[in-house]
């Protein structure tokens, strides 16, 4: 669980602090999810307070060690981030200050994997560069699956680690350790981005210099905000025709509503792109060497960009003045900030989630990637500067701050599972303590004791064995039976961490192996895929006697069918795609239903009275009892609620789940001998079905946020295609050589759209879809769906 970005500290003492310290602490400190010491320290903090605090902490350090004292304070008082940072052991503080846990996220084809390939090359992690769609048949390092290399897309997030050497102002070299995750861009694999951002401290958001902010950029922005992840931005593809980096900067400000400003200005663009000018140090930076591995810096700024440099530096300072107090004060006094002041302000604002600095370059052309790596060091937080909260099960799940000290009891989160040749591989982020090979850990979900047989650091599909991993690091372990989102501790603490957001599937397919002898391998594959991917669901429909797989889109399911063939040698037959329809009640309907079966032996008797009505929102269903006088006992009401939720799983209209329906039971009757929990459960289900049909109910269909991009010459053809599918066009943008249209379309109407779009645009158009909301079906479509469902039921009864 992450804390809100800004909350005031409670007016309580850190175990044993004097009241004078508490008062000052309450007045002068704020807690943020991401905060450096510079962000948190109050300029008005009294020296007396600091003296008392230092003395008190020194006494504690002598008595029982800083780590234990801070753990005690964290458990009881929501310890401030400043106290954690300032009381780190110097060795530990030095280690953490040189760690960055970052992800690379962006829209499809923005160059994430190409950029990651350069990062690995420039940090010395790989010895040669290979392209995503390269002619050498090797493929990018981070695309380790054959399918990824064939299709030229990232399907699974891939983790690696590398070391970056950065020179400080004095020319001294400092080595920084990066734990890096490359994520997919396609919306069908959004869970990979979701779970990566859940455990990362910062991110690089990549944008295309031609297209700017695109549909999946908006999705990635939403995910970063969900987990309060600070980000720097990198405008890639500066060598492409039509490149306009400042359009991307404006779109970050306007579309994403996030203050942004360029910290670099490109020297040339398109095929004349040469390098960049650093607006903070006012130096021109060029790449040299066969792969751009050498950097050349000069204070001579080209004449052709001098006016742009002055204008954009002024814009940078103005934007920072809006989000940072120190720069605002200098701006009012009309004083020019120094290089150190600008860097400190950008760091504060970025970590405080109020700003994103924008870098520029071209990964494919090997230009200006290294300055972006310096930006990761300068502006993204280290693990000690990030506030992560756990829930203490021993204290009614009260929030408690995790402290990144290696000497404290272990707390780690399993965020991804993957099958390998050596068994199940579990990716873990260690938030507190140390994870050691051979140690026993406890799964907080089921209190199961587990031994850690092997710990590895991942480099795409390669691994490097290690004996231990400290707080703030990411690793993988073998032979651990767990689920994605499980919390691991060493058993001393009753902590658990909240899991990541998992979107609901929107599309299903019936599937079966072509050959019955492959049934065992088919079942094994299905179990593995479900364990690895929370958005991939497998169900068995008893009525149709079919296995159904559900996921985020056609590509998502096609990939798993293909993986079944390649990895398990199982050819499958699939049915046509099935839309995840929903049903909902129309009007308020009262019911008085009696279930009575008495034929000599034990009978059934249950009477339920009440009403059903819409909740007003198309989300969870609600059951409520308003019994007065005990006409139905508590255990039977429990059975009524169970019956209601079972009935909601399979609606009366077309057999799909019910949304936005409320049932209230306010009266009823029981029989001394014939009433049972089963009879009340059945009576509630019968009352539900009858009342639901009388309420003028509706079938709901999923509406998809659809974004189509194609060359401008095909605009009319694309609009015509969407209109034929009854799409609602919300907006469109026309660029120099391409246009983008934003629309809401029913998922049912979009089947086959991919091939039609290719035909209409000579293979040059592309589109993305993301679930938006549920909407009532057109009456004719609802009528057809109900008729089809009734016919299928009648056919089954004949059998």
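Glycine is treated like the rest: Cβ placed from N, Cα and C.
The structure displayed is predicted, hence computed values, not measured ones.
According to Swiss-Prot, the protein carries these features:
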- 1-34: transit peptide (TRANSIT)
- 97-384: domain 'tr-type G' (DOMAIN)
- 106-113, 182-186, 236-239: GTP binding site (BINDING)
Three-class DSSP secondary structure - residue 112 (GTP binding site): helix
Three-state secondary structure, which DSSP defines for residue 183 (GTP binding site): coil
Averaged pLDDT, computed only over the residues in the domain 'tr-type G' (97-384): 87
Listed binding-site residues (112, 186), ranked by Cβ neighbours within 10 Å, top entry: 112
Where residue 238 (GTP binding site) falls in three-state DSSP terms: coil
Same-chain residues at least 6 apart in sequence whose Cβ lies under 8 Å from residue 238 (GTP binding site): 209, 245, 266, 269, 270, 273, 360, 361, 362, 365, 367, 368
Least buried by Cβ count (within 10 Å) of the binding-site residues 106, 109: 109
